[in-house]
Each structure stands twice: as C-alpha cells, then as structure tokens.
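Below is one structure, written out as structure tokens; comments come after it.
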Amino acid sequence: MAIINMSDLDLQGKRVLIREDLNVPVSNGVVTSDARLRASLPTIELALANGAAVMVMSHLGRPTEGEYNPEYSMQPVVDYLAKALSCPVRLATDYLDGVDVVVGEVVVFENVRFNVGEGKNNEALSKKMAALCDVYVMDAFGTAHRAQASTHGVGMFAPIACAGPLLAQELDALGKALDNPARPMVAIVGGSKVSTKLTVLESLSGIVDQLVVGGGIANTFIAAAGYNVGKSLYEADLIDEAKRLVANAKSRGADIPVPTDVVVAGEFSPIAAATLKSVSEVADGEMIFDIGPDSAEALAKIIASAGTIVWNGPVGVFEFDQFGEGTKRIAQAIADSKAFSIAGGGDTLAAVDKYGIADKVSYISTGGGAFLEFLEGKELPAVAMLEKRGV
C-alpha cells in the first residue's frame, strides 16, 4: 500500500488534525530549544494555506498519564506558535467530546498524555480523537515507533489518515540511505554501550561497507581485538558478540576498523588531563575517552570516499573539548563529503550543532528512538498504520 501524503489532498474547509512532535524543553514557561517547533511549522502553514481548520496535538515531557500537571502544559508551545504563525492560535483543554475550530485558525490540544489510555493505544480514546477530524495527519517521526492513541489508534479510525511533509521527508531520506544506498556505504555508530545498540550494529553490519564504532562501544571492540582498555567503560560479556560482528563483516568484504591510537585520562572530568597513546599502551588505571588523530584521519579518509554516510553517535566524550577532537574531525569529514549523509540521535545532533555543520549534512533526522528502530530494520507502528490506510 502506498502512503497518502497530506500534500496530495484537498484540505479546503476540512477539519485537519495534525500529530506533531512538539516535545520541547521548557523553563519558567518559556520554550528553551525550538528546533522541533521550527520543523513543524511548514506542515501547519501548508494546511492553513490550503484552507483547513487546523488542530495540532503532541505530548510534552513525561507526566503521569491521566493527570493534569501544569508543568507539562502545552501553553508555552501555544505562546511560541502564536508568534510564529500569522493566525489565531489557542489551547483547548477539554477537546475529546468536540472542539470548535474554524478555517484559518490553529487549535492546539492540551498534552495528549493527560488522557487516560494514550500510552496503551486505547481504542475508545482513539475513536474520540478520530471523530474530531476529517483528515488525520501523522507528522511526528520522533514518535512513529510508538503505538499510542495519538500516533497510531486515531489513524486507524479517522476518515482519512496521511503522512505530513516532515514525516514523508524522514522516510524518503532514510529509505535513500538504507534501501538503495550509493556505495561505499559508511555507518558511524557511537554511544556508551554495545548492548543498547546491538541490533543496530547487527543490522548495519549486514549492509554497510565500513562500520565505524565509537565511544564506549569502540572500547568493547578494542578489548575484543586483544588490547587492554584499563578502567574504560566496556562490556566484557559482549566481547564474543563484537568478535562475531567483525567476522561477519569480514566475510562479506566489509570492515569494522579498531582505533590505532586513543586519548586517555585517569578520571572522567571536564578538567581531566588528556594523554595520547597507542591503543596497545593503555595502562590499567586509564580510561579511553576519544580516538587519536591517526585514527581520526584514517576514518576521515573512509568518509571522504563514501557514497552514503549514516551517523548515529559521537566517537568520544566531545562535551569535554580535550576529548572532542575525534568527533570534530569526523564531523568535518562529513561536512566536506559529497556523499548523501544522514545524522540522527540526540548526542549526534548536539555534535552537529557544536561543530556548526548542520547545513552540510544532507538530512538531519528529528527522531531519536524512531531513527534507531528504523536503522534496526524494525517496523514503525505509525508507518505501518499509514500503509494500511493508504491507497
């Protein structure tokens, strides 16, 4: 089934309910990081321009389900949208039994997690949401991996369910990177633990030409190669798993390179003194916090020759500048590359911002967990729903 796109529909005079990911940080009633709000604006503006009466819903934070908590109210988001959009924007607190909305106006529903049954995809709640609209638009890629009432159930019962432009862009970009990638394909997977990204590593090791591992994940692979990792964060029980992934990659002509030099320190601290060492010289009392310049340069060459780059996770503790050079060099190599590049995950996006390469990455994914599950090859419930409701 082909997913229906919002941009293909006649929305004139229609009641359009858009599920966005407006889960943004708020401090003292003010939005402190507006990236997700900015990303949602084109979809809302397109619906308005096409003559729709627009309703928008999202979660914000992790309130206790079914309990109103002013700390997690959507009011700061409403205040932001009222300034960003050239139309009336208001908050609806009691909306499940009906809401008045007219063409040219935006009504933002109060936090969907204040509704009992949201998390468990309750059918009665889903039907109430669906009854509010003529067209349901799923535009929140960041929550597409969750089967909840506002992301999945409502779409099963709405008269029409379609993908918004932001979700469609995400799926197109990820499909381009994974389904038919330009070769060579390089994936960079960082993070603290192999265990949390084992499925991603397994999935990617079967399709990429080079799988670059970083952070605590790399330490487990360094240990698997027979080197001492001292007091570094690593998972001894997954050394055999790391060896298996390396062997599997080699069997299909791919590679999981291990750093040849590393940056170490005796403690995890923003003022810890960084020492450069060969990977074979790490002492028992030391911890690996970054890759060294030789390793970074070798990886930069791999990236320079790539046709497709998928980046999920830094290669060092880049929050501390003395352990950030490896991630900085990789970020620069991606920025300089002519390959199709996609970056996703919270730490990755923080690195993209820190090193100022946002406009040099082909596509920046707004989804954290959803991005990972897509990389794992898992079916995303919201996408499966849109396919089922497609044409």
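Keep in mind that glycine also has a Cβ here, set from the backbone N, Cα and C atoms.
Look at Swiss-Prot and you will find ASP21, LEU22, ASN23, ARG36, HIS59, LEU60, GLY61, ARG62, ARG113, ARG146 tagged as substrate binding site. ARG113 (substrate binding site) falls within a helical segment according to DSSP.
According to its DSSP assignment, GLU319 (ATP binding site) is coil. Around GLU319 (ATP binding site), the same-chain residues at least 6 positions away in sequence with a Cβ under 8 Å from its Cβ are PRO270, ALA350. Taken from Swiss-Prot, the feature ATP binding site applies to LYS197, GLU319, GLY345, GLY346, ASP347, THR348.
For the binding-site residues ASP21, ASP347, counting C-beta atoms within 10 A of each C-beta gives the highest total at ASP21. The two recorded residues, ASP21 (substrate binding site) and GLY346 (ATP binding site), show a Cα separation of 14 Å. Using Cα positions, the member of the binding-site residues ASN23, HIS59, GLY61, ARG113 nearest to GLY346 (ATP binding site) is identified as ASN23. Reduced to three states, the DSSP call for GLY61 (substrate binding site) is coil. Taking a C-beta cut-off of under 8 angstroms and a sequence separation of 6 or more, GLY345 (ATP binding site) has the following same-chain neighbours: ASN312, GLY313, SER365, GLY368, PHE371, LEU372.
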